[in-house]
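Student: Residues annotated as signal peptide in TrEMBL: A:1-28. Annotated transmembrane segment per TrEMBL: A:38-58, A:65-85, A:91-111, A:123-141, A:180-202, A:214-237, A:243-264, A:306-328, A:340-361, in sequence order. Under the heading domain 'ABC transmembrane type-1', TrEMBL lists A:195-365.
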Amino acid sequence: MMNSKPSWQVGLAVLLCAVAMATMPMLATEATAPMSRGTTSLVIGLIALSGVASFAMFAGIASAALLFVGAHGAAWLLIAGVAGNEGMARLPYFLLLAAAWLLAWRCVAVLSAVRPVSKQARTLLRLLIPAIFGAWILIIWEAVTRGAGIPFILLPPPSAIAARIGASLPTLAADVRQTIFKAVLFGYVVGCASGFVVAILADRVPFLRRGLLPIGNMVSALPIIGVAPIMVIWFGFEWQSKAAVVIIMTFFPMLVNTVAGLAASGHMERDLMRTYASNYWQTLFKLRLPAAAPFIFNALKINSTLALIGAIVAEFFGTPIVGMGFRISTEIGRMNVDMVWAEIAVAALAGSVFYGVVALIERATTFWHPSVRGGRA
Amino acid sequence: MLMTVNQATATRVDQNAVVEARQLGLTFQTNDGPVRALSDVNLTINKGEFVSFIGPSGCGKTTFLRVIADLEQPTEGKISINGMSPEQAREARAYGYVFQAAALFPWRTIESNVGLPLEIIGLPKAEQQERIKRTLDLVNLSGFEKKYPWQLSGGMQQRASIARALAFDADLLLMDEPFGALDEIVRDHLNEQLLRLWRQTNKTICFVTHSIPEAVYLSTRIVVMSPRPGRVTDVIESTLPKERPLDIRESPEFLAIAARVRDGLRAGHSYED
């Protein structure tokens, strides 16, 4: 089959092109560097031609590739064309942006339907689809903030944030070292480990189970905003006070999840261990902890993001002149929003990597769990 | 502990008895009041016997097996296993138990599931390997050592769980409706294999079932039980030879025993009406 059915995305994109042509010009007449007629026709031509050709002449991967080129080529021309004319964009500009976005949508839809045979191709596809998705969030953000001239202080375009990241690498690196490699990692490890150990203790000693769990519950309800300044008084301005906040935040999710996980093994399995005259620790290590692993990893994943939030917020309450939270709170006061966004971007990236690493370890460890192996009984 | 075992062995009346129950009773305390799960059970199971327990649900057949295994404690009467109390017997690892479901650990491969009890006992690695190989051979699962339980069919999983109970190498095998969840064809096949295993290993087997043909086909003795309260209503000695091809189930002898079991079950039912 060399062609596929026309899609509503492509149809709507072509319609938007027609409306855009009728409502030209793209930029306000007073624009300093108006877009040439050539560029304008190139944008419309790219969208319309690649859209129509994608179903009329091609199918599958070829169709997706054509849509990819059309959508991103048009988006690039649009963003390049608005340079120097910030805030001058008129209706056709946004219509054409929407049309290009529809093509990209169609491209992702086509890619999602492709069922490649080879493993590498499947992996590539699994990465490509969310990458296109993410790229379009940035493209629309860039084109809209610059095209509509949104004030820099409200929302800087991603290109400005990227430029700020590039220009401030040493500062960002120092902040990451202070906040993530000291406060977050230490607090995370100690918080998770102590939650785990207390859960085992509570399991072993019944009176602890009755006494400790309600208190653990109370600790989790402590407002971090209230606790952070007290931790600064106790442990000083350095990273130790932030690590203390992270410990308080990560302790309880680990405690509750481990307690729930230890109760997750079935009656039959426990009876089985009993028929082997297995002692408490043998049953714990050979049955109950492996059965609890999905719960424990859940806590590790929840805590990976909680720890980052805790450390950043805690830095708002007194810190040496370095750290991600410190930078955010001081730069917002100096109206350097691009630096604030740069820190946010770095924090999001670090948080995702942290979460991703934990999730990868989880997949390798709990490969046997139905949620990982795809639900086969 | 060794002393008590020896003393108990010395005082044992019948050297051949593996399980001896006298006036055994068990009452569960539930929220709806006490429930008599077992009442006045007197039974002696001798070495090398294959005894089936059959009856409708709630008749206490599983409870009786769990009392032998020290998974439930009786409230009346006495029971001894190899002359020991159930707790001593469990701690001496005197029996292997096969549950209604395979209860294999999904994070362990088949060989490491079979090796689980051996790890707990603390056998040397080489002997563990040797026993795993031997028992997997016995249940025809050689070649599946490295598979995970969820990669095997239900019948293969149950065979692996039997291998796990056999790897233990206890003389007593307690089986609680091990084939209840399997289809008829797989069940026939496993019944045949189980009989072969029993002849080869000369173990004592207690087998709970609710299938009359299964009970008659497998057993040297059939204990018929009835509910409310759970009690033994009939004990039937099988006259079938030890060597039993599947088609023995069409023989008049087989049908006669099956009829007697059915009568016993019906009598138990009419009692409650």
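Cβ from N, Cα, C; glycine included.
Looking at the shown structure, can you explain where the listed features end up?
Tutor: Tertiary proximity for the transmembrane segment (A:65-85) is limited to same-chain residues at least six positions away from its ends with a CB under 8 Å from its CB atoms, namely 26-28, 31-35, 39, 42-43, 46-47, 49-51, 53-54, 58, 93, 96-97, 99-101, 103-104, 106-107, 110, 132, 135, 139, 142-143, 146-147.
For the transmembrane segment (A:214-237), the list of distant contacts is 198, 243-245, 248-249, 251-253, 255-256, 310, 313-314, 316-320: same-chain residues at least six beyond its ends, Cβ to Cβ under 8 Å.
For the transmembrane segment (A:243-264), the residues of the chain that approach it from at least six positions outside its boundaries are 182-184, 186-188, 190-192, 194-196, 198-200, 202-203, 209, 213, 216-217, 219-220, 222, 224, 227-228, 231, 234-235, 288-289, 291-296, 298-300, 302-303, 306-307, 309-311, 313-314, judged by C-beta separation under 8 angstroms.
For the transmembrane segment (A:340-361), same-chain residues at least 6 beyond its ends with a Cβ under 8 Å from one of its own Cβ atoms are 156, 161, 164-165, 168, 172, 175-176, 180, 184, 297, 300-301, 304-305, 308, 312, 324, 327-328, 331-332.
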